[in-house]
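Asker: Please see the structure below; I have some questions.
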Amino acid sequence: MFEHIPVLLEESVSFLITNPDGIYVDATFGLGGHSKRILEKISNKGFLIAIDRDLEAIELGKRKLEAYKNVKIVHSSFSKVDELLECLGIEKIDGILFDFGVSSLQLDKQERGFSYNKEAFLDMRMDTTSKLTAYDVVNFYSQEDLEKIIREYGEERFARRIAKAIVERRSKKPIETTTELSSLISSLVPRPKDGSHPAQRTFQAIRIEVNGELDEIKIALEKSLRFLRSGGRICAISFHSLEDRIVKEFFKFHSLECVCPKDIPVCRCGKKKELNIITKKPITPSKEEIESNKRSHSAKLRVAEKV
């Protein structure tokens, strides 16, 4: 049985729940850790919608919630949260929780092809019913596109070198496995000073491309804001700077009253403030949490409340 330890569990759920009788969304169900805690905190009148695009995670995680009747688990991407809520006849919610990134199930299960340490087919799909795989990205994307993805999504300064080497290698034989790709990158890139694996940034970049992760986040944040009732909250846990930047900028933009240029004396944009930022600085894991769950070390929780 795979176990995914929920990150910032108490902090995120305590910020999320403002009304025990309210309607909440766990947009990243995973193995159900956050959902279970939410259900423990809300009343029998409260209701939880849990979403995940990983069918395997849902099958494993739903066992934790068998005792609860006030929950609906849905296989979908969180960017479709508006459609899901409309189908359920829900007009407003009291809060939504996002826990971005890859789960321990996806990382630890060898055949899912997420890990640079375990040999598997280059897959990396969070939703195994989707078509695009890491194999497709690595073997069919142009050198220019590969370089752009690795630089932008992986923040990898050796992106050009890596992209060129991938194209050269695949011209002789397709790159089929995680360890093939990982070994190739390791032969090109010095080990980072922070001790992380040389292939970590490139694998992150390819995973983000395969799953459209950053676009999903942007779409889901916008849609969820429309469904939040006044006083409802968005809680977002990110694990790298790209995710965190999207959340931070989204909260900032929607907390502003006017976005007209400063040289315009009278507001013409008509923009209204929609959010109050609750966490002026992101909440990070305690030393104790990091020691017990090393994967939590980069987590950041940001919270905003609907005006």
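Cβ coordinates are placed from backbone N, Cα and C, and glycine is handled just like the others.
It should be emphasised that the depicted structure is a prediction, and the values quoted were computed from it without experimental measurement.
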Asker: Under Swiss-Prot, the annotation region 'Disordered' belongs to which of these stretches: 98-118, 287-307?
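Answerer: Here Swiss-Prot associates region 'Disordered' with the stretch 287-307.
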Asker: Mind telling me which of the binding-site residues GLY32, GLY33 has the densest Cβ neighbourhood, counting other Cβ atoms within 10 Å?
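Answerer: Result of the Cβ crowding comparison: GLY32.
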Asker: What is the biggest Cα to Cα gap, in Å, among GLY32, GLY33, HIS34, ASP52, PHE78, ASP99, GLN106, the residues listed as binding S-adenosyl-L-methionine?
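Answerer: With GLY32, GLY33, HIS34, ASP52, PHE78, ASP99, GLN106 as the binding residues for S-adenosyl-L-methionine, the largest Cα distance is 17 Å.
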Asker: Sort ASP99 (S-adenosyl-L-methionine binding site) into helix, strand or coil using the DSSP assignment.
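Answerer: Where ASP99 (S-adenosyl-L-methionine binding site) sits, the three-state DSSP reduction gives strand.
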Asker: Could you list the residues of the same chain, at least six apart in sequence, whose Cβ is under 8 A from the Cβ of GLN106 (S-adenosyl-L-methionine binding site)?
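Answerer: Those within reach of GLN106 (S-adenosyl-L-methionine binding site), by Cβ under 8 Å and sequence separation of 6 or more, are ASP54, ALA57, ARG112, PHE114, MET126.
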Asker: For HIS34 (S-adenosyl-L-methionine binding site), list the number of other Cβ atoms lying within 10 Å of its Cβ atom.
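Answerer: That number is 28.
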Asker: Including all protein chains shown, what's the count of other C-beta atoms within 10 A of the C-beta of ASP52 (S-adenosyl-L-methionine binding site)?
Answerer: 27
Asker: DSSP on the region 'Disordered' (287-307): how many residues come out helix, how many strand, how many coil?
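Answerer: Residue counts for the region 'Disordered' (287-307) by secondary structure: 9 helix, 7 strand, 5 coil.
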